[in-house]
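Participant: Here it is, the structure, as structure tokens.
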């Protein structure tokens with residue numbers, strides 16, 4: 001029985017259990033002519049949970065432990081001198097080949113006789129394991145169902161128990177995101193520390209030259225891993241992007257929140273928000289094919305040498321991309337400013353634009369700054385546009401018309417192609433990733449604090 | 001001004017202290033006058049043709065049950081209804097012989113002349129000083145910093161708030177208590193030297209002590225300003241108003257001296273309302 005069919009069956013049994021719990025609770029109520037503690041649906045749900053949860057827990061635990069147990073048994077059964085003659089690494093490879101053979105996948109060389117024998121043994125064990133899992137799950141499910149159904153009585157606080165299970169399920173779901181974040185950070189941290197055994201942190205954070213060379217040329221040909229040119233490129237592109245996005249986005253927000261008639265607002269707001277839904281790779285080749293050449297031509301006209309792929313090209317297009325972030329967040333915040341404040345200013349004889357400039361915007365300022373910071377962290381982490389349009393030139397210079405490279409672009413470069421995860425050339429990607437993570441995390445935290453402070457003001 | 005005539009708030013409406021001395025004031029010149037004013041929200045008519053004269057330096061109170069149109073009409077008097085998109089005003093409102101709804105009328109100047117204080121205190125999220133200075137700056141009323149300081153001080157003094165805040169003018173106005181905030185808003189309105197002050201239920205968000213202070217302030221202000229106020233509280237109208245107007249379902253049912261309205265109303269609906277039969 002495949003796992004999918006197993007789970008599907010279990011769900012069907014749970015549905016049945018729900019129904020049985022429901023009818024049983026009604027029967028109990030009718031029999032004793034009393035009011036049950038909870039509505040029948042709660043008894044049904046609780047019986048279903050009693051039936052399903054233990055079986056599901058068994059299934060998860062089993063899927064985690066059984067393969068290891070089987071490998072252990074197979075190893076045990078091998079001739080002792082053969083195991084003793086193999087290094088740990090060879091044993092792992094051997095077991096991997098055996099597992100593949102047991103599951104009827106082909107391996108290179110077709111498998112030796114020892115491997116085939118072990119595979120046959122493993123296949124037998126797997127069949128037995130699978131059958132016993134099905135049997136055990138059935139026992140768990142049926143026991144749970146019977147016990148829970150028998151438990152149904154007017155005093156059983158089914159509603160409270162179901163509520164508790166729901167609370168736990170919700171908490172576990174939020175835990176997924178948090179533990180994933182922690183996991184990502186820890187894995188990056190480990191690799192970063194490995195990188196710092198090759199290159200000292202001072203050399204990485206303060207180095208002004210980025211020239212990692214290739215890992216294939218051997219560890220003796222170590223390059224230079226200076227972060228500063230990349231950080232500078234990131235900052236330059238992001239700054240250009242924000243210079244575009246902040247004024248345009250803010251003015252869009254003011255128009256949408258204060259001036260636009262409702263019908264226009266209803267049409268225009270979704271269209272602006274679509275900008276946020278365009279894949280960034282599309283922005284990337286828009287920059288490469290349209291904006292880059294256009295800027296280059298304009299540069300020729302006025303006598304400035306603008307490269308087709310430059311900080312300016314990438315920054316401009318990225319700015320367009322983050323306009324909706326700025327505008328829709330600011331719009332929400334401006335709309336939240338109480339009408340009574342506007343009335344106060346208008347009642348004193350302020351014009352509409354005076355009211356917005358002198359009362360509404362100052363009141364909304366902390367929230368708007370929060371929106372800017374979120375947009376900035378988005379710009380710093382943006383990858384595809386800069387990969388295509390920034391020109392990949394990791395050199396420290398202050399000319400926005402020249403090509404630059406950013407942290408994100410460099411991570412892509414270091415992790416594509418043929419790589420060896422033990423070389424500093426690949427490991428540096430993790431150090432860069434962690435740096436980026438810390439920068440954007442910092443901006444997000446500041447933004448959240450600022451936004452929260454603003455919220456408190458009107459509560 | 002005879003505020004000591006009713007030091008205790010009368011609990012019954014009939015005992016209107018000080019009414020006699022106030023009534024004599026309500027015979028001045030007509031300051032503002034409405035002719036057949038109708039207000040629509042979209043297709044719904046909220047006000048059905050109101051005619052009323054407002055005299056100089058009187059305190060005129062609008063009373064009536066919720067939704068009767070008294071606030072809507074009040075907001076017509078300085079065109080605050082312009083800020084509501086679906087609101088449409090018909091008829092004529094004249095201030096000092098000039099139509100305030102005339103096409104060439106500058107609404108900015110109108111609102112400087114007819115100030116408004118709202119139901120809920122709405123100080124700007126700025127310092128106390130900046131709250132008061134906002135209006136004068138807007139209209140260029142003070143040329144130098146010293147002049148502005150004077151305007152701020154005199155406005156706060158008139159609003160009876162100076163002694164309480166003079167040492168913390170640079171602190172946010174939102175940090176004051178509710179009653180202080182409302183008096184700050186009144187001071188803010190006075191600072192642009194209006195002729196008329198509209199008050200839309202100015203005490204409904206305040207506790208009884210703060211209400212007492214604001215009522216006393218209204219009494220004092222009526223020396224120099226014409227005051228039109230909306231109130232839900234009939235005792236409040238009895239205490240502070242020279243004349244009272246009763247609104248019901250978009251109609252101006254009756255307007256007369258406060259004494260007459262509360263002791264001898266001419267209209268059956270007014271009588272039913274003030275004796276608590278509805279509303």
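Any Cβ shown, glycine's included, is placed from N, Cα and C.
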Participant: Given the ranges A:197-222, A:301-326, which one is assigned the annotation transmembrane segment in TrEMBL?
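Facilitator: Checked against TrEMBL: transmembrane segment maps to A:301-326.
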Participant: With the ranges A:131-152, A:329-350, A:395-416 to choose from, which does TrEMBL describe as transmembrane segment?
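Facilitator: Here TrEMBL associates transmembrane segment with the stretch A:131-152.
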Participant: State, in range form, which of A:45-65, A:164-186, A:274-295 has the highest count of Cβ pairs under 8 Å to the transmembrane segment (A:131-152).
Facilitator: A:45-65
Participant: Do any residues of this chain, six or more beyond the ends of the transmembrane segment (A:274-295), have a C-beta under 8 angstroms from a C-beta of it, and if so which?
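Facilitator: Apart from its flanks, the transmembrane segment (A:274-295) reaches 306, 308-310, 312-314, 316-318, 320-321, 323-325, 328, 382-385, 387-389.
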Participant: Same chain, outside the transmembrane segment (A:427-451) by at least 6, Cβ under 8 Å from its Cβ: which residues?
Facilitator: 184-185, 188-189, 191-192, 194-196, 198-199, 204, 212, 225, 227, 230-231, 366-367, 369-371, 373-374, 376-377, 380-381, 407-408, 410-411, 414-415, 421
